[in-house]
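Noted in TrEMBL for the protein shown:
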ZN_FING   12-40  zinc finger
DOMAIN    12-40  domain 'C3H1-type'
DOMAIN    44-142  domain 'RRM'
ZN_FING   144-171  zinc finger
DOMAIN    144-171  domain 'C3H1-type'
REGION    192-228  region 'Disordered'
COMPBIAS  197-228  compositional bias 'Basic and acidic residues'
Amino acid sequence: MADHLASIYGTEKDKVNCSFYFKIGACRHGDRCSRKHVKPTFSPTVLMPNLYRNPARASESTRVSRHEVQDDFDAFYEDLFTEIALKYGEIEEMNVCDNDSDHLAGNVYVLFHKESDAERAVEHLNQRYYRGQPIHAELSPVSDFREAYCRLYEMGECTHGGFCNFMHFIHPSSSLRRSLFDSQDAYRRRLRRERRAHREKDYSRQRRDRSPHSDVDSRDAGTPRSDA
Ligand SMILES: [Zn+2]
Ligand SMILES: [Zn+2]
């Protein structure tokens with residue numbers, strides 16, 4: 001019984017919990033959904049809904065080329081990635097949706113290496129602004145994007161367009177992506193090295209303070225020299 005319940009939790013067969021919220025972190029019915037959206041208390045993933053505004057969608061009057069959209073998105077991705085990786089912790093994945101529907105458009109999902117970093121990020125990000133708009137951040141149940149993104153869209157074959165219920169990712173240029181993750185790795189390695197060096201210094205200071213020689217030294221220092 002318990003096994004059966006666990007196996008249907010968050011799937012389409014689950015009549016209580018919303019499978020879309022569980023898999024995608026967002027559902028088109030929002031708060032009016034007839035099934036439950038169970039917000040996680042712990043999760044390595046942070047969702048910032050509607051944070052990226054695709055300039056091609058924002059202005060109907062002026063035409064924005066694909067090239068301009070890519071430049072705009074790369075700048076957005078680099079900005080956000082750098083700030084989050086420096087302030088809150090190691091990022092495993094950062095995915096942005098380019099769907100047209102309100103509940104997915106511009107959603108940013110950041111999967112952290114540690115749950116505690118995600119928790120801290122939610123606290124801080126909710127007090128921040130991006131391009132003049134207050135940021136909303138929440139923990140998201142999504143931790144496996146393979147269940148959430150649209151495979152057909154990645155192959156250029158999705159027939160649902162911008163209103164598809166699965167995530168349509170907008171990708172940063174591959175060279176930018178690589179350099180961001182590489183520099184994050186280098187930064188983390190350096191942090192670890194510095195922490196280790198710091199710990200070793202502390203440890204050798206403690207050993208010096210506790211060593212029997214230090215007692216002898218201090219006694220010696222307090223003893224008046226006979227030839228004084
Ligand atoms: Zn729902
Ligand atoms: Zn699709």
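Glycine residues also receive a Cβ, built from the backbone N, Cα and C atoms like all the rest.
Note that TrEMBL annotation is computational and uncurated.
Note on the domain 'C3H1-type' (144-171): mean pLDDT across this stretch is 95. Listed as Cβ neighbours of the domain 'C3H1-type' (12-40) (distance under 8 Å, sequence separation of 6 or more from its ends, same chain) are residues 47, 49, 101-104, 107, 109, 138-142, 147-148, 165-167. The domain 'C3H1-type' (144-171): residue composition by secondary structure is 10 helix, 3 strand, 15 coil, according to DSSP.
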